[in-house]
Amino acid sequence: MRGVLGKSRKMICSLLSQAPVSPAYYYRSSPSIYKPKPSNRFSWGFLAPIPSPAIRVFCSKPGEVGGLMASSVQNQGSISYLTQREAAEVDETLMGPLGFSVDQLMELAGLSVATSINEVYKPSEYNRVLAICGPGNNGGDGLVAARHLYHFGYKPFVCYPKRTQKPLYSGLVTQLESLSIPFLSVDELPMDLSKDFDILVDAMFGFSFHGAPRPPFDDLIKKLINLHYYEQAQRKPPVIVSVDIPSGWHVEEGDVGGDGIKPDMLVSLTAPKLCAKKFSGPHHFLGGRFVPPAIAEKYKLQLPQYPGISMCVRIGKPPQIDISSLRENYISPEFLEEQVEADPLDQFRKWFDDAMAANLKEPNAMALSTTGKDGKPSSRMVLLKGVDKDGFVWFTNYESQKARQLSENPHAALLFYWDGLNRQVRVEGSVEKVSDEESEQYFHSRPRGSQLGAIVSKQSTVIPGRHVLHQQYKELEEKYSKESLIPKPKYWGGYRLKPERFEFWQGQPSRLHDRLEYSPQETDGKRVWKIVRLAP
């Protein structure tokens, strides 16, 4: 589990080589709530690599017990799996020479679990979450995840039957209580969990598991196992999300008897444990971005690339899904005729401001659809660069395919889609070029690189490769290196769509969407906009 501290790599690697391996404290270990059972099945090496994107692992000798790691092939490449001992050594090192604290790692782990859940199970359809938390650090991960899920829009409940009386855990309980998140005792849980919950977070036991769980966790595990039979009876059970290890599984051998919990999602932390090889559910995620480069360098460890700023990354291919089953049940405020602006441009600005305030990516992106004299439509994404009483403005190459089509048929349609707000806006109208002065002004407001790019690209023409673009760009850079002003090419400029029809769409439950259409009409010699509601 992991992160990077501000030490030199040389110093950290030196510390790693001297790090003791004692059972004094392991982050993911739990208090003794098991019936002890000796085991000699551990591999005593450290950890091995998890590459990206083809995720590989390196061993001293494949299959050797004393090797650096166990390895296996999954999908396109190999992926590393930690033994119980190796997982403990990672945490020992992080909280020893690398200076991490338990609460830091727990916060990162819980956030990873919550973001993994949100990747697949959206709160609009999977809203009610029960986090079943054990007394150790795995349970602490579940408590942190419940807090984040609350802020993500879910409705979490917590079952925490064996509370750990330490400030860290007491603080987590206080945080959840301050959010009015209900705590349920084991006796308060319904016999049939499928009726009251959409997601069950299994955060009972971590990688220190061995032996048989003691009450009340043995019965809680049975409750999760029994959900499998509801599915066989064609009743939809809640999905089960296991944190790091499905509770009751052997850390290295997995579901030995074959009758254990069958989670729908497994969120591995740091790297998958050996038991994850036996996981057959549809969603396996790696959680957290914990491993410092010094550890990765020393042990030749590689990790899959996390997308963007995400705290989780999918392991393996996503499950094959019937496209016809993909659907979103939209939840939105009412969108009523008496609430909208009389002028559609004012209503557009209002919704555009909402998209900006919601921090949506490129809210000015719009699909532009055009047709030429052959009547064949084509669409592409462009960026809105201006909107006023005269219409919507964008800029492009006047020799492109869309420009040729607009010269043959000067009518077009625009579509804005703001997923985060369940909204879209359609605009249709006639199109004309903007003035040379307006195109000139905008061209010189662009970054210098974008100006050069507009000159280099003969848009929609065939080129032999990217190298041609780069070579021409480099030549132009040299040509204008001493020039403060780059001349706008004659074949580049703007268009303005003058709207003749608007439609504002907002998603609603059960596909009963709002659709309000604006169309112009003459009233007392004045042009006004008529507003009507369309059937979804």
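For all residues, glycine too, the Cβ spot is worked out from N, Cα and C.
All annotation found in TrEMBL is predicted automatically rather than curated by experts.
Model, not experiment: these values are computed from the prediction.
According to TrEMBL, the protein carries these features:
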DOMAIN    87-303  domain 'YjeF N-terminal'
BINDING   Asn137, Asn138, Gly139, Gly140, Asp141, Gly206, Phe207, Ser208, Phe209, His210, Gly211, Ala212, Asp244  (6S)-NADPHX binding site
BINDING   Asn138, Asp202, Ser247  K(+) binding site
Notebook entry, point to check: When you tally the Cβ atoms that lie within 10 Å of each candidate's Cβ, which of the binding-site residues (Gly139, Gly211) has the highest tally?
Noted result: Gly139
Check: How many Å lie between the Cα of Asn137 ((6S)-NADPHX binding site) and the Cα of Asp202 (K(+) binding site)?
Finding: 13
Notebook entry, point to check: Measuring Cα to Cα, how many angstrom lie between Asn138 (K(+) binding site) and Asp244 ((6S)-NADPHX binding site)?
Noted result: 8
Notebook entry, point to check: When you measure from the Cβ of Asp244 ((6S)-NADPHX binding site), how many other Cβ atoms are you left with inside 10 Å?
Noted result: 31
Margin query: Would you identify which of the binding-site residues Asp141, Asp202 has the most other C-beta atoms lying within 10 angstroms of its C-beta?
Written below: Asp141
Check: Which are the residues of the chain, Asn138, Asp202, Ser247 excluded, whose CB is within 8 A of where the CB atoms of the K(+) site average out, their centroid?
Finding: Ile132, Gly134, Gly139, Gly142, Ala203, Met204, Phe205, Gly206, Ser242, Val243, Asp244, Ile245, Pro246
Margin query: Just to verify a number: CA distance, Phe207 ((6S)-NADPHX binding site) to Ser247 (K(+) binding site), in angstrom, no decimals.
Written below: 9
Notebook entry, point to check: Quick one: Cα separation, Gly139 ((6S)-NADPHX binding site) versus Asp202 (K(+) binding site), in Å?
Noted result: 9
Notebook entry, point to check: Quick one: Cα separation, Ser247 (K(+) binding site) versus Asp141 ((6S)-NADPHX binding site), in Å?
Noted result: 14
